Amino acid sequence: MKISYFFVASLSYVSVARASQSFEERCTDFRDSINSLPNVQATIVEYVAGSQNVSLPDNDPSCNQSSQFVTADICRAAMVVKTSNSSQIVMEAWFPRNYTGRFLATGNGGFGGCIRYPELDYTTRLGFAAVATNNGHNGTSAEAFLNSPEVLRDFADRSIHTAAKVGKELTKRFYAEGFRKSYYLGCSTGGRQGFKSVQQYPHDFDGVVAGAPAVHEVNLISWAGHIYEITGNKSEETYLPPALWNIVHSEVMRQCDGLDGAQDNLIEDPDLCHPTFENIMCPSDNKSNNGSLSCITEAQANTVIQLMSPYYNTDGSMLFPGMQPGSETVSSALLYTGVPTPYAKEWFRYVVYNDTNWDPTTFNIKDAQAALKQNPFNIQTWEGDLSRFQNAGGKIITYHGMQDFLVSSFNSREYYKHVHETMGLAPDQLDEFYRYFRISGMAHCYYGDGASYIGGSAPSAYSDDPEDNVLMAMVEWVEKGIAPEFIRGTKLDQDGHPQYTRKHCRYPRRNVYRGPGSYLDENAWECVL
């Protein structure tokens, strides 16, 4: 979508008007300015005083959010932006009173039809003018993509690009000083959206923070379909019930927890962990565990090994890496359930085949090949040449939890390797614009058993200091040229009190416990190559 703007002649008048208005007046008078943009129609323009809840009656029920607590004083603007004759995005722009001269766009999650209101609140609290969208459809299902290529295009890349263009223009109209720098913050699908911006729209953002990025998107979905091929249903000998996954996890941790020098129930570097399962297998004279929950059979051991192994195409190329060890208990509850994953079922029904009757239990390598060949709007997001973004002066910080139970952290390693090989840059050269941090004890995007509070999203925000907050670390890198050597994470107890901190290393460095003293002391750890 092309957006043209016709406001230069009235710019001086607008500047005078802004200077003479209060923040509240400027907000309530902003509707006409929004509506003057091509293909944009305001639906809500309101001043919201901080420290109150805002009701969200139009938010899709599947988004599971009916209100949002707003921390800072903001001008809230909701609007519909037409992206084609058959598609549109719902977008919100929040303009804080405590504006710091920075613009920011946030991403989505899953199939991405939910505005991330917590991120809007989090970033406006930090002084960003922030925008977010529904990614072109409402709710968490992919059903909106059925026979709707323009809606799918919004999901693939156009929604964030449109939000950046419209959001930047509105920011310049709302604040006399405009904005100095532009940023992006997202995780999972939002991480993929960040890299899509880097690859396809290198001038949209000065700094991109992309957590647990779902790049290799098509192959990630096929891997999700492949899981059922491996586990089978609950009646098959290949299936493991949750209790057996607990045994598997305990064995993984027994073998791998101490590889980093500390017995802390965390795996710092899953690349070093190659567990075997002879010690928990049932006696060799039993082909079945007869319902025992104390040992696994040979068939079940093969299931575990396959899930931890890469998924290959028939030509020997890797489609997607296996799941990293250490994530077994949560992954078993969400992915290894003995039924096909909804993620794969919906994508193949509503995108690949446009057939609502497609049976996900029949998934095989031919389906993965069909999906990869289709790759609509290059949603794979696997371009290895990031030179346009680099030449534009952009910076990337990506992070991935080593306990991620949905998107294997090995995927971020593989993408880093792909960029390294494509651009022919050594890690120290990549460090000039692209840094990857492995976060031990972080699950998918946030939470987990370790020092996972790094400020990559609203749920993981604890401190605003650049050393403790990945978003503010990006600001310091872009605006002061100070690149982060580490990202400090904080472990909180159940009452929200800090237990310990840990400095998470930039890849390819790994964390090793050197002592002396407790592993709870961040200075007892060292980043080594």
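Just so it is clear, glycine is given a Cβ too, placed from its N, Cα and C backbone atoms.
Summarising the annotation, Swiss-Prot assigns signal peptide to 1-19. For Asn53, Asn64, Asn85, Asn98, Asn138, Asn233, Asn286, Asn290, Asn354, the entry in Swiss-Prot reads N-linked glycosylation site. Annotation source Swiss-Prot lists active site, acyl-ester intermediate at Ser188. Here Swiss-Prot flags Asp257, Asp260, Ala262, Asp264, Leu266 as Ca(2+) binding site, drawing on similarity to another entry.
Here the features listed in Swiss-Prot are placed on the structure.
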| residue | record | Cβ neighbours (10 Å) |
| --- | --- | --- |
| Asn64 | N-linked glycosylation site | 9 |
| Asn85 | N-linked glycosylation site | 7 |
| Asn98 | N-linked glycosylation site | 13 |
| Asn138 | N-linked glycosylation site | 18 |
| Ser188 | active site, acyl-ester intermediate | 23 |
| Asn233 | N-linked glycosylation site | 13 |
| Asp257 | Ca(2+) binding site | 17 |
| Ala262 | Ca(2+) binding site | 20 |
| Leu266 | Ca(2+) binding site | 24 |
| Asn354 | N-linked glycosylation site | 13 |
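Shown in sequence order, Asp257, Gly450, Tyr513, Tyr519 are the residues of the chain, 6+ apart in sequence, with a C-beta less than 8 angstroms from the C-beta of Asp264 (Ca(2+) binding site). The two recorded residues, Ala262 (Ca(2+) binding site) and Asn138 (N-linked glycosylation site), have Cα atoms 46 Å apart.
Listed in chain order, the residues near the Ca(2+) site other than Asp257, Asp260, Ala262, Asp264, Leu266 are Gly258, Leu259, Gly261, Gln263, Asn265, Ile267, Glu268, Ser440, Tyr513, Tyr519, each with its Cβ within 8 Å of the site Cβ centroid. Asp260 (Ca(2+) binding site) falls within a helical segment according to DSSP. Cα of Asn85 (N-linked glycosylation site) to Cα of Leu266 (Ca(2+) binding site): a span of 51 Å. Cα distances from Ser188 (active site, acyl-ester intermediate) to the glycosylation sites Asn53, Asn64, Asn98 are smallest for Asn64.
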